[in-house]
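Trainee: For reference, Swiss-Prot lists these features for the protein:
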- Glu56: active site, proton donor (ACT_SITE)
- Asn43, Ile44, Glu45: substrate binding site (BINDING)
- Cys54, Cys89, Cys92: Zn(2+) binding site (BINDING)
- 3-131: domain 'CMP/dCMP-type deaminase' (DOMAIN)
Amino acid sequence: MKVDLDWVHHKLQEVVNHAYTPFSKFKVACMLVANNQAFYGVNIENASYPVTLCAERSAIANMVTSIGKATIDYVFVYFDTKTPTNSPCGMCRQNIFEFATDKTQLFCIEKDKSFKQFTIPEILKGGFRSYEQ
């Protein structure tokens with residue numbers, strides 16, 4: 001599948017407006033592709049900080065709610081900030097790992113359209129699974 005990063009960037013710029021970030025103002029949007037379907041998520045902050053939900057986990061919850069367990073082919077994470085070199089937090093990396101394969105592609109996309117591309121094993125060495133995939 002050829003990835004149209006311009007389209008993804010444009011779509012996630014729209015989706016990120018739904019992020020609820022009254023505390024940090026650090027808006028993030030995520031799009032997962034699984035079974036040739038797109039699933040979206042945004043970060044949702046809470047006054048009780050540990051309750052905050054990251055965009056990646058929000059998108060995974062959307063996917064599982066919509067179609068059940070599926071294998072993620074692509075993860076696109078958009079950071080609406082001027083801070084360069086963003087990437088998913090450790091908790092999100094482990095959560096993505098649960099639904100990914102070694103071939104799953106992760107794109108970290110910045111506001112200025114610059115991006116970094118990774119495979120899941122590159123960003124999470126020794127991820128934990130309680131079952132064989």
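Placed from the backbone N, Cα and C atoms, the Cβ positions cover glycine too.
Thinking about packing and proximity, how do these listed features fit into the structure?
Mentor: Annotation for Glu56 (active site, proton donor): spatial neighbours Val28, Cys30, Gly41, Val75, Val77, Pro88, Cys92, Asn95, Ile96, criterion Cβ-Cβ under 8 Å with sequence separation of six or more. Secondary structure from DSSP puts Glu56 (active site, proton donor) in a helix.
Taking a C-beta cut-off of under 8 Å and a sequence gap of six or more, Glu45 (substrate binding site) has these contacts in its own chain: Tyr20, Thr21, Pro22, Phe23, Ser24, Thr52.
Of all the Cβ atoms in the protein chains shown, 13 others lie within 10 Å of the Cβ of Cys89 (Zn(2+) binding site).
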Trainee: Whose Cβ lies within 8 Å of the mean position of the Cβ atoms of Asn43, Ile44, Glu45, the substrate site, other than those residues?
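Mentor: Going along the sequence, the neighbours come out as Ala19, Tyr20, Thr21, Val42, Asn46, Thr52, Leu53, Cys54, Ala55, Ser58.
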Trainee: If I take the alpha carbons of Ile44 (substrate binding site) and Cys54 (Zn(2+) binding site), what is the distance between them in whole Å?
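Mentor: Approximately 6 Å lies between the Cα of Ile44 (substrate binding site) and that of Cys54 (Zn(2+) binding site).
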Trainee: Three states by DSSP: which one describes Ile44 (substrate binding site)?
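Mentor: Its secondary structure by DSSP: strand.
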Trainee: DSSP-wise, what's the residue breakdown of the domain 'CMP/dCMP-type deaminase' (3-131) into helix, strand and coil?
Mentor: 44 helix, 37 strand, 48 coil
